[in-house]
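**Student:** These came from TrEMBL, pasted as-is:
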| type | residues | note |
| --- | --- | --- |
| ACT_SITE | K198 | active site, proton acceptor |
| BINDING | G15, A16, G17, S18, W19, G20, A147, R262 | NAD(+) binding site |
| BINDING | S18, W19, R39, R40, Y56, K113, A147, R262, V287, E289 | NADPH binding site |
| BINDING | K113, G143, K198, D251, S261, R262, N263 | sn-glycerol 3-phosphate binding site |
| BINDING | K113, R262, N263 | substrate binding site |
| DOMAIN | 11-167 | domain 'Glycerol-3-phosphate dehydrogenase NAD-dependent N-terminal' |
| DOMAIN | 187-327 | domain 'Glycerol-3-phosphate dehydrogenase NAD-dependent C-terminal' |
Amino acid sequence: MAAFATDVQRVTVLGAGSWGTAFAKVLGDAGRDVTMWARRESVAEEITTRHSNESYLPGTRLPERITATADPAAALEGAQAVVLGVPSQSLRKNLTAWQPLLPPEAILVSLAKGVELGTLKRMSEVIAELAKVDAGEIVVVSGPNLAREIAAAQPAAAVLACADHERAVAIQRASSNQYFRPYTNTDVVGCELGGACKNVIALSCGMAAGLGLGANTMATLITRGLAEMARLGTKLGADPLTFAGLAGVGDLVATCSSPLSRNRTFGERLGRGDTLEQAQAATGGQVAEGVASCSSIRELARSLGVDMPITDAMHRVCHEGVDPRQAGAELLGRSQKHEWS
Ligand SMILES: NC(=O)C1=CN([C@@H]2O[C@H](COP(=O)(O)OP(=O)(O)OC[C@H]3O[C@@H](n4cnc5c(N)ncnc54)[C@H](O)[C@@H]3O)[C@@H](O)[C@H]2O)C=CC1
Ligand SMILES: O=C(CO)COP(=O)(O)O
């Protein structure tokens, strides 16, 4: 394992979308020097000179110690930690280009919540493959962290999961501030699957809201969603307790109940009768990870013989043209069973 800085002062955030920018602010407010990479030159310039990123975090004033560039080599120079803040399905393409530029001793940190289509890999597995490092060295950020609330400095907790506890502690020190409280955890599988699966359940809750359904339906989807993500996670070796924590029920409740969630909002549009294309056009270019992850997680679950009926229903609505009402009726019409079987 490469040596790494235990006192991380210089961090690079690759991706200047909602969460990349909000997490950069967390680090800046924790006293760290942050360089961001933005795809668009105009966004990089806005972050550096006007200390804002209006397209993603309107009304947010960013710390002056955050600068940005559209040149990944310049962004990565001298980084002690590198935070990957691009969507799951584009991480492979981006990281392939960035790999030769990564400082060998930098701690790699993953913000993405998804499972890759095709390979069915979790994000730390994709990063390990492309960055050519041990997956046990990657720090995964998860938990109830709606970017706009964090950017507004509203109090929140998170989980930093890494098999190597010392790396998680280094990022914990670098990101703790007066409104952001990160906990460490060594269950990377559980934390990553919690983050990826809850996006799919948030789609289903949004869809129920779009159909005009109320609190009982929401609570049922959240609770049964938790049951199916825990079934998948434990099959893959996760600690069941993780799903009772911030990366499980914590993130699930925040995302399924907040109008700020892109996944919930996307589902609500489908519930109101929008097509997939119409809902996609309305997201303003921002990612709703559950739309791709419902398919990859479904395939992963099937390959392991794990039953994930809500995820399956979301795949059928999003990608097979099944009507949301019919998907709901089919969920209720399944054979009767014990709560924990
Ligand atoms: N927004 C939130 O509240 C939170 C998001 N996350 C996760 O963080 C990851 C990133 O999400 P956000 O920053 O919210 O996404 P976003 O859609 O707001 O921003 C994505 C960023 O990635 C860049 N990018 C680079 N290559 C791209 C490509 N090929 N396609 C699309 N975008 C590309 C975009 O330019 C943009 O800067 C996702 O996996 C998401 O689930 C996790 C916690 C909170
Ligand atoms: O992961 C999130 C909150 O923890 C953000 O959820 P959305 O991607 O649905 O906005």
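Glycine is no exception: its Cβ is also placed from the backbone N, Cα and C atoms.
Note that TrEMBL annotation is computational and uncurated.
Here the structure is a predicted model, which means the values were calculated and not measured.
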**Student:** Listing them in sequence order, which of the recorded positions G15, A16, K198, R262 have their Cα within 10 Å of that of K113 (sn-glycerol 3-phosphate binding site)?
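**Tutor:** Close recorded positions: K198.
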**Student:** Near ligand 2, which of the recorded positions show up if the criterion is a Cβ under 6 Å from one of its atoms? Options: G15, Y56, K198, S261.
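**Tutor:** Cβ < 6 Å from ligand 2, in sequence order: S261.
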**Student:** Which of the binding-site residues G17, D251, N263 have a Cβ less than 6 Å from any atom of ligand 1?
**Tutor:** G17
**Student:** What's the longest C-alpha separation between any two of K113, R262, N263, the listed substrate-binding residues, in angstrom?
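**Tutor:** 13 Å is the greatest Cα spacing among the residues binding substrate.
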**Student:** Compare the Cα of V287 (NADPH binding site) against each of the binding-site residues G15, A16, G17 and report the nearest.
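**Tutor:** Going through G15, A16, G17 one by one, the closest to V287 (NADPH binding site) is G17.
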**Student:** Which residues does N263 (sn-glycerol 3-phosphate binding site) neighbour through Cβ under 8 Å, counting only same-chain ones at least six apart?
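**Tutor:** Sequence-distant Cβ neighbours: N199, V200, A202, L203, G206, T255, A288, E289, G290, V291.
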**Student:** Of the residues in the domain 'Glycerol-3-phosphate dehydrogenase NAD-dependent C-terminal' (187-327), how many are helix, strand and coil by DSSP?
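**Tutor:** When I sort the residues of the domain 'Glycerol-3-phosphate dehydrogenase NAD-dependent C-terminal' (187-327) into the three classes, I find 108 helix, 0 strand, 33 coil.
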**Student:** Counting other Cβ atoms within 10 Å, pick out the least crowded of the recorded positions R39, K113, K198, R262.
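**Tutor:** Looking at the recorded positions R39, K113, K198, R262, the Cβ with the fewest others within 10 Å is that of R39.
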**Student:** Across the record's NAD(+)-binding residues G15, A16, G17, S18, W19, G20, A147, R262, the largest CA-CA distance in angstrom?
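**Tutor:** Looking at G15, A16, G17, S18, W19, G20, A147, R262 as a set, their Cα atoms extend up to 17 Å apart.
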**Student:** Can you name the recorded positions among R39, Y56, G143, K198, D251, S261 whose CA is within 10 A of the CA of W19 (NAD(+) binding site)?
**Tutor:** Y56
**Student:** Measuring Cα to Cα, how far is R39 (NADPH binding site) from G15 (NAD(+) binding site) in Å?
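**Tutor:** It is 7 Å, counting Cα to Cα.
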**Student:** Write out, in the order they occur in the sequence, the residues of the chain not among K113, R262, N263 that have a C-beta within 8 Å of the mean position of the C-beta atoms of the recorded substrate site.
**Tutor:** N199, A202, T255, S261, R264, F266, V287, A288, E289, G290
